[in-house]
C-alpha cells in the first residue's frame, strides 16, 4: 500500500515538473518573440524616422536590387549596344550610297547634287569622328596619388578623396571627373574629357537623321505606295494562280531589286525619323544643361539644394540670377537678405557654351566646332578656375 502511494506521488511530482517546464518554455518563446518585435520596430524607426530620410531615400532603398541588376546588365551589354549603333548607322550609309545616290545623280540638278554631296559627307565625317572619340576617350579619373589631391568629400565606394564635380560610377566602379552619366550606347562614362564628343555626336547624328528624313520624304511616299501596290497585285496574282496549273502561273510583277529598293527606302525613313525624335529630345535636354553650366547629376543636386535652402528661408524661389529673378527676390517679403540660388559653375549662357566647346578665339568656331578637333577641354577636372575665354567673374553660390 505504501509502495503504491510512493509511486503515485513520484508520478505526480514528475507530471508537475513537466508542466512547469512547459510553462517556462512557453514564457521563453513569448519573451523571444517580444524581443524580436521590439528589435524590428527599432530597426524600422531607425531607417524611417530621421531628419535625412524622405520619399526619395525610401524609393532608392526599395529599388536597390533593380539598380544592381541594371548596372550589371548595362556593363555586359555595352559592347552589344555599340555594335548595334555601328550596324544601324552602316546600314543607313549603305542604303544611301547603293540606292539613293545613283537616283540623286540622275534626277537632281548640279547645284542640288553638290549640296547633297558636300553636306552629307561633312555630316557623316562629324558623326564618325565624334562617336569614335566618345567611345575611346577616357572621361577622366582622379589620380591614385592622394597626397597632392584636394578633395571636397570622400567616396564611400573608393574610400578616396573626390574633387569637385566628381562622382562614382557604379557600372565602371570608378570615380569619374565631372561625371554626367554612363552611356550604354558608348559603353563608356560621359565625363570631363569626352562630354563634348558625346554631345557633338548626338547633335550631328540628329542633324543627319533630320536631313535624311526631309530629303527622303518624297521617296518614302513613293516607296510606301509601291509596296502597297505590290501587296495588292501579289494578292490578285495568287487568286488567279489558284485556278491555273503550275506552268500557267504568271511571272511576278515586281523584281527582287525593285522590292529591295522600296523596302530599303521605307526602312531608312522610319529609322531616321525615329532616331531624330528620340535623340533630338536628348540633345535638347543636354543643350539646356550646358546652357546652365550643369551636368545631369548636378541638376538633381542643385534642385535639392535649392529646395533645402528655400525651406530654411535663405534663398528666393526665383531661379537664376537675371533681372526678373532679382525683381521677384525684391518683392519677396519673407527673405530679408534677398538671395538667389545660383549654380557655382555657371558663367552665363554664352560663356558656358564657349567653355564647353573650347572656343577661346573667334576662329575656333570653325576649327573646333564645325571641323573635327581633338582639343582638350579647359582645366584638368580636379579644380575649376576661371577659364581664359570668360570675360566676367562668376557669381557666388548665394548671390544678392
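Each residue's number is its place along the chain shown, starting with 1.
For all residues, glycine too, the Cβ spot is worked out from N, Cα and C.
All annotation found in TrEMBL is predicted automatically rather than curated by experts.
Taken from TrEMBL, the feature domain 'Palmitoyltransferase DHHC' applies to 153-300.
For 76-100 (among others), the entry in TrEMBL reads transmembrane segment.
Look at TrEMBL and you will find 112-133 (among others) tagged as transmembrane segment.
Positions annotated as transmembrane segment by TrEMBL: 197-220 (among others). Away from its own ends, the transmembrane segment (197-220) comes close to residues 92, 96, 100, 103, 116, 119-120, 123-124, 126-127, 130-131, 133-134, 137, 180, 183, 186, 190, 265-266, 268-269, 272-273, 275-276, 279-280, 282-283, 286-287, 290, 356 of its chain (Cβ-Cβ under 8 Å, at least six residues beyond either end).
The transmembrane segment annotation in TrEMBL covers 265-288 (among others). Cβ atoms under 8 Å from those of the transmembrane segment (265-288) belong to residues 88, 91-92, 95-96, 99-100, 199, 202-203, 205-206, 208-210, 212-213, 216-217, 219-220, 222-224, 227, 296 of the same chain, restricted to positions at least 6 beyond its ends.
Counting same-chain residues at least six beyond the ends of the transmembrane segment (76-100), those with a Cβ under 8 angstroms from any Cβ of the stretch are 120, 124, 127, 131, 135, 184-188, 212, 216, 219, 261, 264-265, 267-268, 271-272.
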